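Taking it in order: structure first as structure tokens, then the write-up.
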Amino acid sequence: MSDSIIELKNISVHFQNGSESIDAVKNINLAIEKGEIFGIVGYSGAGKSSLVRLINLLHHPSSGDMMIGQTKTVKNGNVLIKGKELRNLRQKIGMIFQHFNLLDQSTVLGNVLFALKHSKMSKEKRLEKAKKLVEEVGLFDRIDNHPSQLSGGQKQRVAIARALANDPEILISDEATSALDPKTTKQILELLADLNKRTGLTIVLITHEMQVVKNIANRVAVMRDGEIIEKNSTYSIFADPQKPLTKEFIESASGNQEALEKILRQPEIARLQKNEFLIQLGFSGSSTDEPLISSLAKNYGVSANILYGNVETIENIPIGTLIVVLSGTATKLKQALDEIKKQNVKLEIIKEGK
């Protein structure tokens, strides 16, 4: 990838815990482009935090190569930089976490200034920069408040301002919204997306919540047991997931599975009659604009009872789901199902009446 800011080749991390051998990261190949928002999704223990701590060498790899920008940082598992060069690298990589790690006795401004204490700027310039950062994250009216006077979302905004103090090229967000309520999470993600758009900041999102990457990520990697099992554009991941775990994550973010489970508990679905099919249709892109259900009724004489529908937009492309009961004669139903299969629509037969 020609414009990669992070590139990992055959990277592994191996720990020895007494007699126990742990492979935290296994043979990872990953390139993250400059200026993109890249999501890494996985359950606890998947290895995503171990992977991301390699980027600023808080963890050392056991094998593989790594490039950060134009700097070769690891070759054949050996770290090539140390001392001042390593400190300079880490200054270019900001991090925010689930826990805000603010200085309780310092104000909002003081917390941001703390990140600039080793800067070569004059005191006046540091103060000017800190105030600008506080304003950028929308907290200028809280600049003299202490952390105890702030909400969780406001504390995370301070943490973001502090992480940006040394003009990083990369911002790593490690479960930074997992302790926040949905409304505050949305606001923090909007702030990160705005920073990315305005400054070109590369953002790496580590999360166990697919909803987080769905909202702002350009691309996604799914991890399990230290390995990346699937990676693609966010749209492609949601429109056509390949792995069962990826599908599980997507279902948790869409509400489709919950809706289907409720439908299956309905008495009329439990008593589905012969020549009735409960089906789920998946639409993406231009297929969401097609009047498929009405054309099936018109052209094949089947009736369609829509039980659930959902459309959301991923990367400005619509993705939709319908759960429908189709009924008609056996011949007409077969023709209708065959027609669906010819379209750019995913068909899953959930239940067939008897």
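Cβ atoms here come from the backbone N, Cα and C positions, even for glycine.
The model shown is predicted, which means the values in this text are computed figures rather than measured ones.
Some features that Swiss-Prot has for this protein:
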{"type": "BINDING", "residues": "GLY42, TYR43, SER44, GLY45, ALA46, GLY47, LYS48, SER49", "note": "ATP binding site"}
{"type": "DOMAIN", "residues": "6-250", "note": "domain 'ABC transporter'"}
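Features recorded in Swiss-Prot, as mapped to the structure shown.
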{"residue": "GLY42", "record": "ATP binding site", "Cβ contacts under 8 Å, 6 or more apart": "LYS48, HIS208, VAL222, MET223, ARG224"}
{"residue": "TYR43", "record": "ATP binding site", "Cβ contacts under 8 Å, 6 or more apart": "HIS208, ARG224"}
{"residue": "SER44", "record": "ATP binding site", "Cβ contacts under 8 Å, 6 or more apart": "HIS208"}
{"residue": "GLY45", "record": "ATP binding site", "Cβ contacts under 8 Å, 6 or more apart": "none"}
{"residue": "ALA46", "record": "ATP binding site", "Cβ contacts under 8 Å, 6 or more apart": "MET223, ARG224, ASP225, GLY226"}
{"residue": "GLY47", "record": "ATP binding site", "Cβ contacts under 8 Å, 6 or more apart": "VAL13, ALA24, VAL25, LYS26, MET223, ASP225, GLY226, GLU227"}
{"residue": "SER49", "record": "ATP binding site", "Cβ contacts under 8 Å, 6 or more apart": "ASP174, GLU175, ILE206"}
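Over the domain 'ABC transporter' (6-250), the average per-residue pLDDT in this prediction is 94.
Take the mean position of the Cβ atoms of GLY42, TYR43, SER44, GLY45, ALA46, GLY47, LYS48, SER49, the recorded ATP site; other residues of that chain with a Cβ within 8 Å of it are HIS208, MET223, ARG224. In this structure, LYS48 (ATP binding site) is part of a helix by DSSP. LYS48 (ATP binding site) counts 29 other C-beta atoms within 10 Å of its own C-beta, drawing on all protein chains shown.
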